[in-house]
Amino acid sequence: MAEGVLQLDVASVVEDVLQHHGKRLCDIDLASRKAEEASLRRNEAAGWLRKMVGVVAGKDLPAQPSEEEFRLGLRSGIILCNVLNKIQPGAVPKVVEAPSDTVIIPDGAALSAYQYFENVRNFLDAMDEKGIPTFEASDLEQGGKSSRIVNCVLALKSYNDWKQGGGSGVWKFGGNSKPPSTGKQYVRRNSELFMNSLSRNSSAGEIDLTQNLNEMGTSHSPLQTLIRDLLSDKKQEYIPVIVENMLSKVMEEFEQRLESLNEEVRTTLRDTGVPSSKSHGDLETSNIVKDERQPENGSYDGAHALKHQELVEHQQRSIQELKNTLNSTKADMQMLQMKFEAEVNNLGKYLNGLAHAASGYQKVVEENRRLYNQVQDLKGNIRVYCRIRPFLPGQPKGLSIVEAVDERTLSVLTPSKHGKAKKFFTFNKFFGPSASQEEVFLDTQPLIRSVLDGYNVCIFAYGQTGSGKTFTMTGPKELTQESLGVNYRALSDLFLISEQRKDSISYDVLVQMIEIYNEQVRDLLVTDEIRNHSQNGFNVPNANLVPVKSTSDVIYLMNLGLKNRAVSSTAMNDRSSRSHSCLTVHVQGRDLTSGSILRGCMHLVDLAGSERVDKSEAVGDRLKEAQYINRSLSALGDVISSLAQKQSHVPYRNSKLTQLLQDSLGGQAKTLMFVHISPEADALGETISTLKFAERVSTVELGAARANKDGADVKELKEQIASLKSGLTRKERGLQSPSRCSSPDGAMFITSSPSCSSSWQSSIAMSTEDEKSVSGDWVDKIMVNSLDDGLDYSDELETHSSEIHFQCQLNLSKPKQMGSDVRRPSPKHTRSLIPQPPNRRVPNGINSASHKHGRQTVDTKRKPSGVGK
Ligand SMILES: Nc1ncnc2c1ncn2[C@@H]1O[C@H](COP(=O)(O)OP(=O)(O)OP(=O)(O)O)[C@@H](O)[C@H]1O
C-alpha cells in the first residue's frame, strides 16, 4: 500500500538518524508491520482466486497461505488460467490440467513442469494483452517475488470488478507489480491538483512525499536527506520531539490540502448535480463514470468527480492510516523519551551515588591515615619512610627491581624456583624514584614542627652505600633551591614558624654538628682542626653549640660541617660518607604570656652506608672505615632487635652510634627512619636485608612522645628553690676549695664557687677528678642552675647569671653508668662561629663572654640506670 510505503520511508529515515546517533529504534517494528500488510494482501488475493475457481479447484491454494504456499498453489498456472478464462472466456485457449490421480503418466513430473510453464506463459501473455500488470514466470519459483504475483492477482480482481461494473471508462490499477511490457499504457490522471501533490510513483506505487514537501515549501532536497540533515546535529534526546513535530506538520499540511481538494470535489459535484454522499457503486450504476478519452460533456464531469471522490476516499483512508502511524510513532517516541529520561535519571542517581561513595571513600582514607598516625603517636612506633634512588646518569638503565604497589607498599622482584617472585614490604610511606625533595620533606614537616612544641625528634637516614642517604638529608653535591635536603628545609621551617609565633613565644635555636668516625666523635663545627672528643667516651657536650638566627646561618654552618666531614671516593660512591653525621638542633621557647619554657631537640642523622667490602673494593684506610661502619650498623641492628623483642637489656653501649641514638630509639622521642634502597638488580641482596631491617625498626615501640614543657607554677617553685640555693651558696662564699659532703644514701655533693676556681669548668674538672679519686664512678648528670633568674636550666647552660654555683652529686652506692648521656654542651663551646656584625649578640645566656662574672653552680645528680636526660 502506498501509505504503508510512506510511513515506512519516514520511519526508516528516523530510524537511520537514530542509528546514526548510536541508538536503534527497537520498538518500532517496521519489518513486522510490512510483513503483516503483505500477508493481508496475499490472503485477499488467495480468497478471491478460491472464490473464482471454487473450493475444489482451488484446493491447492489455502485461504490464508504463507508466501511459499501461495507460490506453490499457483505454480501450475491452472488456477490463474481458469480464473482469467472465467473473467474473459477463451483468454487462455489451452489450459493443461493436473493429471488425474488415477492416470499414471510416464515421466509425469517432467511433463507437468513443462506444461505448467506453458500455462503460466499463456496466462502472462493474456494478462499482458489486456494491459494488466503481470509478473515474471520465475516469480513462481523458489525465491521469486510473491508480492508481484499478489499484485497481479489483485489487479486481475480489480479488472474483474471493473468488468463486473460494466467495464466503462478506462480500467487502471496501481500496485507493486511488474510494469506492463507491452505497448498498452494505462491512462493516468495527472492533471488533478491532488495528483500534483500526491503523485504515485509509477513503478513502486509510493507516494512521492518529496514532491509534496517541495510543494509545501519545506525544502528542495529529498525527504530523507532533508530529515537526516535536520536531525543529524540534534541531540539524541530531542530527536523524538523533532520527528513528532515534523510528522504533525506534514499531517497538518496534508489535511489542509485534502480539505481544499474535498472542497473542490464538492464544488464539482454540486456543479454537475451529483450528490456528494453517493457511493462509488451508486455512481457506477448510474453510468456517470466515463472514460477520460471520451469527449468532454456533462457525464464526463460526473466521472471526473467520481474519480475525485474515489481518490479522496482513498486518500482519507491513507491519511487515517498515516494518523494512526503518527499516533503510534508518537506513543513510541514518548515511550522512548520516558525510557530515556528514566535512564538518564537512573544514571544521574547512580553517578551521584558513585560520587558520594568516592568522596566518602576519600574521607575514610583521610580518616584512616589520621587515625593511623594517631595510633602511631600513641604507640610511639618508629616511623619508617622508604625511598628508592633513581638510576643515576651514566649508569646502565636496567629494569628496577623495586615497584610501587601503593603509597605505602613496594614490591621487590626476587629470583625464585619458578622464575621471579615478588616480596612485599609495607612502611609508613614509600617514595618512588621521581619523588622530589620537597615531597619528601612535606611528609616529614609535621614531625619537625613538633620540635617547636617541645618534643624530641630524631630523623635518621639508613641504607646501603650510594643509595641516597646524604641526598635526602643534605642534597646533591651541587645544591639548588629545589634540591635542598631535609636538614636545610627543617631548619628554615623552624625559623619560619618561630617567626610566625614570635608574638607569643620567643625561641632560641642552637645547632651542633658532630660525626662518628671510626668510633671517634668529632665536632664538625670547628674552623681550625677536627677535634677528637673520644677520650672521655661519648663526650658530645664538648662540641660547639652555635646559636643560629636565620637560614643563612644554618647554611653557613652546614657547609662548614660538610667540609669537615669524612668523605671519600669508593667504588660504590664517589662521595661516600665514611662517618655517621649528626646535626642536632636545640630549641628553647619561652611563652611570653605564661612564662613556661619549652625545650625541643632534633637529631638529623646521616648514617654511613653499609657496604660489602668485596664490592666496594675497600683496602687500607677505606677497609678500616668500612669495618667500623659495618660494626656500628650491626650494633644498631642489635639494639633494634632487642627493642623489637622488648628485651630488658638493650645493648646501647656497644657503639657510639647507638649511644647517640639511645634517646631516640628507646626514649619518648618522635623518631623517623628514612630507609634508602637502590633500584639495581645487583643490589638485591642489600636491598632485601635493608628492607627487612627497616621492617623490624617499624615494630619498635617508643611509648607516647612527651613534650618538655614546664608550667608557670613549676617555674615559680624552681625559682624559689634556686633563690634558696643562692642564699645558701652566698653563705658559703668563704670556701676557697670545693667541699664535699655525703648524703644518707651515699651520694656525695661537691660544692664549688667561682672564687675557689676561676671558672666553673674547672669545678667540673675538679669534680670529675674528685669523683675518680673517691670512687672511680661516672658523673651521671650535670645540672646548671642560674641563680639570678631562678630557672632550672637542667641540660642547658645559662651563663647570663651573675651568680652560678656548681653542685655535683656523685653516685657512690651503685655501679657506674658508662657513657650515660651527659651530653649538654659546656659553655665554653657555646659560642658563635657565624661571622657576626659588630654589635650582634648571640641569644641571651648563650654567649660565652657573659658567664665570666658571677658564681656558678652545677648539680651533678645520679639518675636511675637507663634513664636518659
Ligand atoms: N633521589 C635521588 N635523585 C637523584 N639523585 C640521587 C638521589 N638519591 C641519590 N642520588 C645520587 O646518588 C649518588 C649517591 O647518593 P648519596 O651520596 O646520597 O648516597 P649515600 O647513601 O649517602 O652513600 P654513602 O653511604 O656512600 O655516603 C649521588 O650522586 C646522589 O646525588
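Using N, Cα and C of the backbone, Cβ positions are placed for all residues, glycine too.
According to TrEMBL, the feature ATP binding site maps to Gly463, Gln464, Thr465, Gly466, Ser467, Gly468, Lys469, Thr470. Residues or ranges marked as coiled coil by TrEMBL: 244-271, 305-381. The feature compositional bias 'Low complexity' is assigned by TrEMBL to 752-767. Sequence annotations record features per position, and here TrEMBL assigns domain 'Calponin-homology (CH)' to 39-161. Look at TrEMBL and you will find 381-700 tagged as domain 'Kinesin motor'. If you look up TrEMBL, you'll see 752-772, 812-869 marked as region 'Disordered'.
Neighbour density for Lys469 (ATP binding site): within 10 A of its CB lie 28 other CB atoms from the protein chains shown. As a summary of secondary structure, the domain 'Calponin-homology (CH)' (39-161) carries 80 helix, 1 strand, 42 coil according to DSSP. There are 25 other Cβ atoms within 10 Å of the Cβ belonging to Gly466 (ATP binding site). When the binding-site residues Gly463, Gly468 are scored by other C-beta atoms within 10 Å, Gly463 scores highest.
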